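This report concerns only the one structure given below.
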Amino acid sequence: MSKHAASSAKRFSLLALGLMFVGGIVFVWAVDFGIKTTNTLEFCTSCHTMQTNFEEYKESLHYKNTSGVQATCADCHVPKELGPKLVTKIVAAKDVYHEVMGTIDTPEKFEARRWYLANLVWKRLEASDSRECRSCHDYADMDLSEQSRSARSRHSAAQDKGQTCIECHKGVAHHEPTEPDDAS
């Protein structure tokens with residue numbers, strides 16, 4: 001191989017490496033931008049079928065409370081850790097698909113599937129030991145002496161049994177759907 005050919009190959013390799021590096025940075029930035037954008041309350045409520053959920057959420061303590069801390073859609077529905085977060089984002093793409101395809105594009109169609117959809121969320125939360133709930137609420141951080149007798153008793157028993165939050169707190173931010181007659 002001539003000196004010129006070797007020099008050209010080296011320049012090409014460095015250019016290719018540089019482009020891959022820049023491409024990697026752009027890719028990571030785009031993924032980060034996409035995650036941050038789709039984690040906003042504005043994005044989550046941009047589909048008109050989510051307006052019912054949004055109105056219910058606005059009635060909950062997760063939206064307005066004495067502490068002034070507001071939990072948004074992503075706080076409850078999107079894991080903080082990168083791996084589970086990416087999986088959740090990929091799985092959530094099906095919701096956009098169903099909105100676009102017309103499966104849940106009206107409040108009536110959404111309500112017809114609400115029990116099924118709620119159960120998907122509940123099963124995911126149970127499987128993760130209510131990971132998203134525990135990012136704000138954790139037995140270890142609870143001051144049981146400040147809770148009502150009933151809450152203190154229930155939280156203490158739930159902790160002893162190793163229960164997860166969602167086992168008792170379904171319908172905490174959205175109305176709990178009623179089980180349809182034909183659900184199994």
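Heads up, the Cβ atoms here are built off N, Cα and C, so glycines get one too.
Quick look at what Swiss-Prot lists:
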TOPO_DOM  1-14  topological domain 'Cytoplasmic'
TRANSMEM  15-35  transmembrane segment
TOPO_DOM  36-184  topological domain 'Periplasmic'
BINDING   CYS44, CYS47, MET50, ASP95  heme 1 binding site
BINDING   CYS73, CYS76, HIS77, HIS174  heme 2 binding site
BINDING   LYS89, ASP95  substrate binding site
BINDING   CYS133, CYS136, HIS137  heme 3 binding site
BINDING   CYS165, CYS168, HIS169  heme 4 binding site
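The structure, with features from Swiss-Prot marked on it.
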{"residue": "CYS47", "record": "heme 1 binding site", "DSSP class": "coil"}
{"residue": "CYS73", "record": "heme 2 binding site", "DSSP class": "helix"}
{"residue": "LYS89", "record": "substrate binding site", "DSSP class": "helix"}
{"residue": "CYS133", "record": "heme 3 binding site", "DSSP class": "helix"}
{"residue": "CYS165", "record": "heme 4 binding site", "DSSP class": "helix"}
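For the binding-site residues given as CYS73, CYS165, CYS168, the lowest number of other CB atoms within 10 Å of the residue's CB is seen at CYS168. Summary of the heme 4 site environment: with the site residues CYS165, CYS168, HIS169 set aside, the chain residues having Cβ atoms within 8 Å of the Cβ mean position are SER130, CYS133, ALA158, GLN163, THR164, ILE166, GLU167, LYS170, VAL172.
For the topological domain 'Cytoplasmic' (1-14), the DSSP counts in helix, strand and coil order read 12 helix, 0 strand, 2 coil.
Remote same-chain partners of the topological domain 'Cytoplasmic' (1-14), defined as residues 6 or more beyond its termini with a Cβ less than 8 Å from a stretch Cβ, are none. If you measure from the Cα atom of CYS47 (heme 1 binding site) to that of CYS76 (heme 2 binding site), you get 18 Å. You'll find the Cα of CYS133 (heme 3 binding site) roughly 6 Å from the Cα of CYS76 (heme 2 binding site). Annotated heme 3 site CYS133, CYS136, HIS137; additional same-chain residues within 8 Å of its Cβ mean position, judged by their own Cβ, are SER130, GLU132, ARG134, SER135, ASP138, CYS165.
It is HIS174 that, of the binding-site residues HIS77, LYS89, HIS137, HIS169, HIS174, has its Cβ surrounded by the most other Cβ atoms within 10 Å. The two recorded residues HIS77 (heme 2 binding site) and CYS136 (heme 3 binding site) have their Cα atoms spaced 13 Å from each other. In this structure the alpha carbons, written CA, of CYS76 (heme 2 binding site) and CYS165 (heme 4 binding site) are 12 Å apart. Cα spacing between CYS136 (heme 3 binding site) and HIS174 (heme 2 binding site): 18 Å, rounded to the nearest whole number. Annotated heme 1 site CYS44, CYS47, MET50, ASP95; additional same-chain residues within 8 Å of its Cβ mean position, judged by their own Cβ, are PHE43, THR45, SER46, THR49, ASN53, VAL96, GLU99.
Taking the binding-site residues CYS47, MET50, CYS136 in turn, the residue surrounded by the fewest other Cβ atoms inside 10 Å of its Cβ turns out to be CYS136.
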